[in-house]
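Peer 1: Got a structure for you, written out below as structure tokens; questions coming shortly.
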């Protein structure tokens with residue numbers, strides 16, 4: 001199971017990208033709001049009990065100061081994937097990116113791009129798939145679908161510009 005947490009409800013549209021990807025691969029997940037600043041006790045409890053609930057990896061999204069992923073990582077041995085989110089009070093998202101990316105030694109947080117919850121979901125699935133053959137096979141099918149999409153685009157461009165196409 002994957003734990004998906006976010007600092008506030010306003011982060012939900014971004015974090016649902018991770019949930020939807022996991023759902024497409026039939027990977028169970030839990031989804032909730034856990035604020036590092038407004039509900040620190042809830043955050044500590046979530047992180048410390050995640051493993052016993054069956055969580056294998058945590059995807060944590062936050063905007064602004066974005067302390068949630070790092071604080072959760074400091075409270076658990078589970079892998080944590082941080083999703084910096086562009087928020088209404090953000091400094092072009094850099095504050096969120098740097099808050100998650102620049103963790104002190106010993107407390108790693110895997111960090112995806114700004115608003116990159118889809119990639120966080122994919123990375124979480126890859127972590128789960130490292131020990132679950134069904135998930136690994138479904139990820140292979142997903143990657144093949146990406147390949148087919150690109151090749152379809154290549155064929156369409158070639159058809160439109162047959163004399164100006166480079167392999």
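Any Cβ shown, glycine's included, is placed from N, Cα and C.
Owing to the predicted nature of the structure, the values given are computational and were not obtained by experimental measurement.
The substrate binding site annotation in TrEMBL covers 8, 11, 38. The domain 'PurE' annotation in TrEMBL covers 1-150.
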Peer 1: Which is it, of 8, 11, 38: the one of these binding-site residues whose Cβ has the most other Cβ atoms within 10 Å?
Peer 2: 11
Peer 1: Which state, by DSSP, holds residue 8 (substrate binding site): helix, strand or coil?
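Peer 2: Reduced to three states, the DSSP call for residue 8 (substrate binding site) is coil.
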Peer 1: Looking at substrate and its recorded binding residues 8, 11, 38, figure out the farthest C-alpha pair and report it in angstrom, whole number.
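Peer 2: Greatest Cα-Cα span of the listed binding residues: 15 Å.
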Peer 1: Can you give the mean pLDDT for the domain 'PurE' (1-150), rounded to a whole number?
Peer 2: 97
